[in-house]
Structures are given as structure tokens and as C-alpha cells.
Ligand SMILES: NC(=O)c1ccc[n+]([C@@H]2O[C@H](COP(=O)([O-])OP(=O)(O)OC[C@H]3O[C@@H](n4cnc5c(N)ncnc54)[C@H](O)[C@@H]3O)[C@@H](O)[C@H]2O)c1
Ligand SMILES: O=C(O)C[C@H](O)C(=O)O
């Protein structure tokens, strides 16, 4: 049976993450090995030529699942009929830039993109925001798309989730595949909280296996939360291949589901669960099934976790208030 191709729009297509991402989408890793895709690449005018070069390389791979590539600098064209949108292109913080300037510059990108999604995307559109500050950029885009169900706008904390699994595996000597139910709470920033209290290692409670709160507080949490900065320091550029890999994981899990007995972390609009104010785009433990996600309910949150979740949520509230003050939401 011939399947209708899924339209996947990628913004910032000529950037570092774009280069690591597009080939994996085209080879079937995003949606599945039997799902044909059409790519729409959105770039700013200065990025179009490089995006064309990447499209030439995609052609040269002769991917059987790739059914077309369009390149544009017009969001209305890029999101026309989009089923999946990966919003990667963002304005990086430059020297001397205040946080308010950064939020405002990104508002100039994510507000029009949200409106274009609202006006042109397919009814089943699913959006993942990767470009930083990812949670608040997702909030801006979502607010500009009142006709799209709010839960279709998500922000990426899967890279943090994967980083935390890897660190925990290294500490416990377990295989990555033996680690389940890890959670990233809050913002994709240094305030994020990687929580192992409900995680398991080979079926045993991870916090009990580790049994070292000092390691948790002084090593594990800061290592995960500051990993992005450590990569920038080491590589001279922000994480690209691992970020692209996490974007693939995020969408693949959202569409195809979490494994039985496991969950993942996604930045999603809060429904008020765990005391996170409704509407904030915050990371939660979620299970996915039939293309939808649900927050894992009923977890006991101890004092250690509560303080850290609250601190990250407070930062998200401050970012929300700042973009509200700028008229971006
Ligand atoms: N959430 C995460 O876990 C995570 C991890 C790594 C990086 N990031 C973020 O992802 C973003 C992209 O990273 P990168 O390394 O690919 O950056 P990059 O600078 O290499 O590429 C960004 C691309 O976006 C394009 N762009 C800028 N404004 C655009 C617009 N309005 N429309 C379309 N394209 C636009 C630029 O021309 C550029 O080609 C950054 O904001 C980075 O901080 C997030
Ligand atoms: O781009 C960055 O600032 C870092 C990135 O968000 C990361 O977590 O690797």
C-alpha cells in the first residue's frame, strides 16, 4: 500500500542541528522505516544557499522514503500542510545581550512562526521547539496559534533526559537500556531538575542503588544541567548531533509511544499537575500512546525534589512574565 508522505518542516535547516537532523528524518528515523516524508526547509534569506547545498546532499543519498524537498524563507509556505514542525532556528545570545533582548529577538521569530502554523499547518500538526530558550519560545509560538490545540506545542528536554540516563548508567555500571522512568522537570536551562527518585536501574529504585545524596546534589544534577555549557566549552559550538538525536527521539516517542513500564520527559503545557501553574511549558514525566502524551500522575515528590522543581518553575514564570510584558503572549 502506498502511504501519503508526512510533511515535516524544519526551521534553521542550514544550521548545525539542521545538518545533523535532516538526514535522519529522510532515512526514516523520525517517524518510522515505512513512513515517506516530504521536507520543508525554512531559513532566513542568508541561509537559503546553504540549505540548498544540504538539499543537494539529501538528493545524493537517494533515500527511498524522501518524497521531496522545498526550501523557503517564508513561514507561510514552510508550514503549509505541515504535519510535524521542528522549530530549530533561533536567535542565539550574543555578547552584551540582556535576557530581555534575547526573549524579544526570539519573539520576533516564534510569534510569526506560531501564526503561520495556526493559519497553514495540517490539523494533526505536532510542534517541537528546539531553539533556545526552548520552553518560552514554545509558549510564544503556542500563544500565536489559538486555533491549534495547545498540547501540540512542545519543547525539547529529551537531550537532558538522555544525558541524565547516560550519567546514571556510568555511575551505576548499568546498561543505558536498564535505566527507566527518569524525569527531567522544569526548564531546559541550568535550573532543570533531573529526578532519579522514581527511576529504576535494572528494576531497582535508582536513588537506593546510588544511595549518595551528596553525589546527586553536587555531581549528577549540575553535570546534567550544565552539560550544554560544557559541550560549548569543549567543542566551541553548542551540541548539534546529540540535540538532533534528541529531537528525533522526542518526535518518534510522541508518535510511536513509550515502552510499557517506562516514560520520557517532554516540555509540555502544564495542566496544573505537580503544582506547576497551568499553561507554563514545563518538562514533566509523560507516557505516549496513539500519538498523544499524558503526564504520569501520582508520583510522591520529596522535599529534595520539591525545592528544585519549584526553582525551575519560578524561572519559567519569570520568562513568561517577561514575554508577557513585551506583548509576545
Ligand atoms: N533544547 C535543546 O536541548 C537544545 C540543544 C542544543 C541546541 N539548542 C538550540 O538550538 C538552536 C539551534 O542550534 P544550532 O546549533 O543549529 O544553531 P546554528 O546557529 O548553527 O543554526 C541556526 C540556524 O537557524 C537559522 N535561523 C535563524 N533565524 C531563523 C528564522 N527566523 N527562520 C528560520 N531559520 C532561522 C540560522 O540562519 C541558522 O542557519 C539554538 O537556539 C540552540 O541554543 C537547543
Ligand atoms: O545551545 C545551548 O545553549 C546549549 C543547549 O541548549 C544544550 O543543552 O546543549
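Positions of Cβ are set from backbone N, Cα and C atoms, glycine also.
If you look up TrEMBL, you'll see 7-146 marked as domain 'Lactate/malate dehydrogenase N-terminal'. In the predicted model, residues of the domain 'Lactate/malate dehydrogenase N-terminal' (7-146) average a pLDDT of 96.
Residue environment of residue 16 (NAD(+) binding site) contains 17 other Cβ atoms, counted within 10 Å of its Cβ in all protein chains. DSSP assigns residue 16 (NAD(+) binding site) to a helical segment in the three-state reduction. If you look up TrEMBL, you'll see 12, 13, 14, 15, 16, 17, 18, 106, 113, 130, 131, 132 marked as NAD(+) binding site.
Around residue 163 (substrate binding site), a 10 Å sphere centred on its CB holds 21 further CB atoms from the protein chains shown. Here TrEMBL flags 93, 99, 132, 163 as substrate binding site.
What TrEMBL records for 157-321 is domain 'Lactate/malate dehydrogenase C-terminal'.
What TrEMBL lists as active site, proton acceptor is 188. There are 30 other CB atoms within 10 A of the CB of residue 188 (active site, proton acceptor), with all protein chains counted.
Proximity to ligand 2 (Cβ under 6 Å from any of its atoms) holds for none of the binding-site residues 12, 14, 16, 131.
Per-class residue totals from DSSP over the domain 'Lactate/malate dehydrogenase N-terminal' (7-146), listed helix then strand then coil: 63 helix, 26 strand, 51 coil.
Burial estimate for the binding-site residues (113, 132): highest at 113, by number of other CB atoms within 10 Å. For residue 16 (NAD(+) binding site), the nearest neighbour among the listed recorded positions (99, 132, 163, 188), judged by C-alpha distance, is 132.
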